[in-house]
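Worksheet: one structure, shown below.
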Amino acid sequence: MSHSVKIYDTCIGCTQCVRACPLDVLEMVPWDGCKAGQIASSPRTEDCVGCKRCETACPTDFLSVRVYLGDETTRSMGLAY
């Protein structure tokens with residue numbers, strides 16, 4: 001089942017999500033939009049198993065990283081039958 005990982009612009013660049021991911025799905029990339037000068041990126045979503053450890057590790061009030069499991073992705077896009 002395919003999962004998607006969305007990084008929101010509320011990311012503070014703390015690297016907690018990157019360190020929490022057991023499969024190295026996430027990485028940090030340069031970004032001028034926050035004090036840390038970096039933001040999480042999800043270049044390897046095909047490896048995501050949906051454990052949501054990245055979500056749990058995120059210290060922001062609004063989860064800056066969200067994992068949408070395959071069926072959640074379909075529902076959120078209005079494609080559920």
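Please read every residue number as a count from 1 along the shown chain.
Glycine residues also receive a Cβ, built from the backbone N, Cα and C atoms like all the rest.
Here the domain '4Fe-4S ferredoxin-type 1' (2-31) returns a mean pLDDT of 87 for the predicted model. Marked as domain '4Fe-4S ferredoxin-type 1' by Swiss-Prot on the basis of sequence analysis: 2-31.
All protein chains included, Cys11 ([4Fe-4S] cluster 1 binding site) registers 22 other Cβ atoms within 10 Å of its own Cβ. As annotated by Swiss-Prot, [4Fe-4S] cluster 1 binding site applies to Cys11, Cys14, Cys17, Cys58, with the evidence given as sequence analysis.
Swiss-Prot lists Cys21, Cys48, Cys51, Cys54 with the feature [4Fe-4S] cluster 2 binding site. Non-local contacts of Cys21 ([4Fe-4S] cluster 2 binding site) by the CB criterion (under 8 A, 6+ apart in sequence, same chain) comprise Arg53, Cys54. Annotation note: Cys21 ([4Fe-4S] cluster 2 binding site) sits in a coil segment as assigned by DSSP.
Summarising the annotation, Swiss-Prot assigns domain '4Fe-4S ferredoxin-type 2' to 37-68. Beyond the ends of the domain '4Fe-4S ferredoxin-type 2' (37-68), by six or more residues, the same chain brings 1-31, 76 to within a C-beta distance below 8 angstroms of the stretch.
Cα to Cα, Cys17 ([4Fe-4S] cluster 1 binding site) and Cys51 ([4Fe-4S] cluster 2 binding site) are separated by 12 Å. Among the binding-site residues listed here, namely Cys11, Cys14, Cys58, Cys58 has its C-alpha nearest to that of Cys51 ([4Fe-4S] cluster 2 binding site). Minimal Cβ crowding within 10 Å, among the binding-site residues Cys48, Cys51, Cys54, Cys58, is found at Cys51.
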